[in-house]
Amino acid sequence: MKQRLTVLGSTGSIGTSTLDVVARHPDRFEVFALSAATQVDLMLAQCAQFKPRFAVMASAPHSHLLAEKIKANGLKTTVLQSPDALEIIASNDDVDTVMAAIVGSAGLAPCLAAAWAGKRLLLANKEALVVGGDVFLDAVREGAATLLPIDSEHSAIFQSLPEDPATWSQRVEKIILTASGGPFRTRTPDSLRDVTPEQACAHPNWSMGRKISVDSATMMNKALEVIEARYLFGLTPAQLDVVIHPQSIIHSMVQYRDTSVVAQLGTPDMRVPIAYGLAWPERVESGASALNFHALSAMTFEAIDDHGHRDRFPGLQLAWDALAAPQGTTAVLNAANEVAVAAFLDRRIRFDQIHHLNLATLEAVSPSNPDSLNALLALDAQARSVAEQAAGRLAA
Ligand code: NAD
Ligand code: MG
């Protein structure tokens, strides 16, 4: 029986890499539905190649345009257009696996729908878990869903942990997430005032969407990943450590009680964790090139406390601060950061103001234990509106 797949965010960096892996294994995978925001022509090409039953666009005008083009090209895909279209394609009875590759908290509701419906949920959309927290994990438990990480660090950790999660807290001393340090690792903190979106998006090792690229430049990506790891692996925040490893060869590590360290290594290509999630517990060809140890010159490491990294990347600490604060604080931090990154990409605020905006929003919004999807969405909206006002003041 083929695995039937919905890809949320199919036109993005993770979405297209997912379809690249899927296309290598027509005997294993079949595409049930695709979704995207605005790229109608790429979506049309994906519909022609993968022949999904459904396609979803984020707005009515894009849906209509896609529907016209699908008809003109004689394709059979139905363009679903309703407010809950993403939830429908994420939870349909005919779907086995959902790749969550939308960027931002916009992906939360379909993730929860997939979780409640008991799907195999491949999570690239880290913001959904950072916002959803325990509500997300409860949905996975209640729906008996299988949650598999796609983020390369979390895939590496998952591959380095024992199979039985019940043993993790007893056996594991700590998790060490590696971070490349992004494009600004060696710049003086003061010079970051004036960097442009183009410079921030030029990542040395990975080619990714613009939002996560900016997050890598501020290291807010690592902050979100620390929170993601906290929820995925259930250890205490004090057991989560970060080290800078500029070559991105070790994707993360697990240190055990006896000091043994187990790591996962590979070339920086997201098709590896994607293929792992798709095939787990099996292994299939991913299309990535293998690491060549004979040509590998160096693997280096830098402590966060050295080289001025705390001044350069002040946002990283917010992960532990938010995890120590009341439930919902991670959702506030995520909302602030989404608004701040968008404002920076629009050239409304400076790069160094991303952190100021995150701090100002965390100070202004006190979450009151959000325990449902609606409560989370309301908190997300409230934090966004506070962050937008702060961005307006900074831009003025
Ligand atoms: P991207 O910007 O390249 O793609 C995002 C996709 O989501 C696109 O298909 C877009 O059309 C869709 N989308 C955006 N906003 C939407 C909305 N409001 N409603 C519906 N669809 C929407 O981003 P990406 O780099 O592929 O990242 C996707 C997710 O995966 C992010 O959460 C990111 O943090 C995570 N991730 C990405 C990488 C990577 O290498 N790119 C690695 C690890 C984790
Ligand atoms: Mg990552």
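One-based numbering along the chain as shown.
Placed from the backbone N, Cα and C atoms, the Cβ positions cover glycine too.
Per TrEMBL, the 1-deoxy-D-xylulose 5-phosphate site holds Lys126, Ser152, Glu153, His203, Ser216, Asn221, Lys222, Glu225; the candidate it also names there, chosen from Ser105, Ser169, Ser180, is Ser180. Among the candidates Ala33, Ala37, Ala145, Ala229, the one that TrEMBL lists alongside Thr11, Gly12, Ser13, Ile14, Asn125, Glu127, Gly209 as binding NADPH is Ala37. Across the domain '1-deoxy-D-xylulose 5-phosphate reductoisomerase C-terminal' (147-233), the prediction's mean pLDDT works out to 96. Sequence-distant neighbours of Glu153 (1-deoxy-D-xylulose 5-phosphate binding site) (same chain, six or more apart, CB under 8 Å from its CB) are Leu177, Thr178, Glu225, Ala229, His251, Ser252, listed in sequence order. Across the structure, Asn125 (NADPH binding site) and Asn221 (1-deoxy-D-xylulose 5-phosphate binding site) place their CA atoms 12 angstrom apart. Its own atom aside, the Cβ of Asn125 (NADPH binding site) has 28 Cβ atoms within 10 angstroms in the protein chains shown. Those same-chain residues not listed among Asp151, Glu153, Glu225 yet with C-beta within 8 angstroms of the centroid of the Mn(2+) site C-beta atoms are Lys126, Pro149, Ser152, His154, Leu177, Asn221, Lys222, Leu224, Glu228, Ala229, Ser252. Here the CA atom of Thr11 (NADPH binding site) lies 17 Å from the CA atom of Asp151 (Mn(2+) binding site). Note: Ala37 (NADPH binding site) has non-local neighbours Gly9, Thr11, Met57, Ala58, Ser59, His62, i.e. same-chain residues 6+ apart with C-beta under 8 A of its own C-beta.
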